[in-house]
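S.K.: Below are the features listed in TrEMBL for this protein:
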DOMAIN    5-285  domain 'Acyltransferase 3'
TRANSMEM  12-29  transmembrane segment
TRANSMEM  41-59  transmembrane segment
TRANSMEM  71-89  transmembrane segment
TRANSMEM  109-127  transmembrane segment
TRANSMEM  139-156  transmembrane segment
TRANSMEM  168-188  transmembrane segment
TRANSMEM  195-211  transmembrane segment
TRANSMEM  223-244  transmembrane segment
TRANSMEM  256-276  transmembrane segment
TRANSMEM  291-314  transmembrane segment
Amino acid sequence: MKRIREIDLVKGLAIFLVLMIHTNIYMVSEDLINFKIFYGALSRCAVPLFMMASGALLYRRKPTFKKTFKMVLKLIFLILFFNFVYRYWDGWWMNDTSMENLMKINEKFHLYYLYIAVVLFISAPVVYRLVSNMTRNEYRFAIFLFFLGSIVVPYLKTLNLIKNPFILTYSLSMSYSTIGYAMIGHYIFKYKEDIPRGFSIFGAFAIWYMIDILIENPTDANFVTYFEMVNPLSFIYAVSVFLFVVRSKTDTELSLLSNSTLFIYTTHILVLEYFLKVGLMPEAFKDFKVIYPIIMSLMIIVLELVPYSIYNIVKKKIK
């Protein structure tokens, strides 16, 4: 199947921004707070980009139940496998790898994407039937409903502007909102030529406004609202970035990075935590500490691509 380089670029950008989220956490000194806000805001589109890229690819062709079943089984295996790997990893650093201790160790938070990916893939045959039969206006209305249930209601709930328990039942969880993001990705990719490139201006405004709010009032509540919870600014920013990239007509060859995103996503915390334990905190980079998330993210990607490339070479020779 012919590769879609624009989607490869989306996935490559998304994994870089995921790493930036996880490395940016360690920008804790007071003199780095504005840089932390800047990197944190820029990386807010990371997971939605993955979701939209998945939708653009997943709904292009009819997904068979056999293929869907195999993918779901693969994800379940990865969830179980990496839960054990990370529990053992943490237990090893604690010098206690007994089963009793491993069972007490908390699951790594970043693995949540594997759980929501199960929902995305298991629903694919049904969602494909919907999106392939909807008119353009019906598709837009479906996206509007997703925006209300997954973005607006949860955001107003976060701000305590909605307290009516019956209205709050309209709020969709992150797992199910994944389907909405996937539908948006498919819609944008399918109709990208009909969507004005100028829409990206809204994304630029959204990210600027988010940064401005946090710099002016860097409270814990604001960080939770704009960095941890869903909100319209992050949504507009993510959609505009996806649109900009898929309309870029890039010639850059990023298939290796694109194919390795699942591997990097599931294993990068091992590399990051090792780096931290040997002292690679922002202060270790001295004059370059202001670009700590960029340096660390690139280092992790390069190191992760080595074993992934070796695995691919061995796999091809075996075949």
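Cβ from N, Cα, C; glycine included.
What TrEMBL says about a protein is an automatic prediction, not a curated fact.
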S.K.: Among 41-59, 109-127, 256-276, 291-314, which stretch has the highest count of C-beta pairs below 8 Å with the transmembrane segment (195-211)?
M.R.: 41-59
S.K.: Report, as numbers and ranges, which residues of the same chain sit near the transmembrane segment (109-127): CB under 8 Å and 6 or more residues beyond its ends.
M.R.: 18, 22, 47, 50-51, 54-55, 58-59, 62-65, 68, 71-72, 75-76, 78-79, 82-83, 86, 174-176, 178-179, 182-183, 265-266, 269
S.K.: Under an 8 Å Cβ to Cβ limit, what residues of the same chain, 6 or more beyond the ends of the transmembrane segment (12-29), are close to it?
M.R.: 35-36, 39-40, 42-43, 45-47, 49-50, 53, 110, 241, 245, 254, 257-258, 261, 264-265, 268-269, 272, 276, 281-283, 292-294, 296-298, 300-301
S.K.: Within the same chain, where does the transmembrane segment (223-244) have neighbours whose Cβ lies under 8 angstroms from its own Cβ atoms, ignoring anything closer than 6 residues to its ends? I mean 6 or more beyond.
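M.R.: Those are 10, 13, 40-41, 44-45, 48-49, 52-53, 147, 150-152, 154-155, 158-159, 174, 177, 181, 184-185, 188, 192, 195, 197, 199-204, 206-207, 209-210, 213-214, in sequence order.
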S.K.: If you average the pLDDT over the domain 'Acyltransferase 3' (5-285), what number do you get?
M.R.: 91
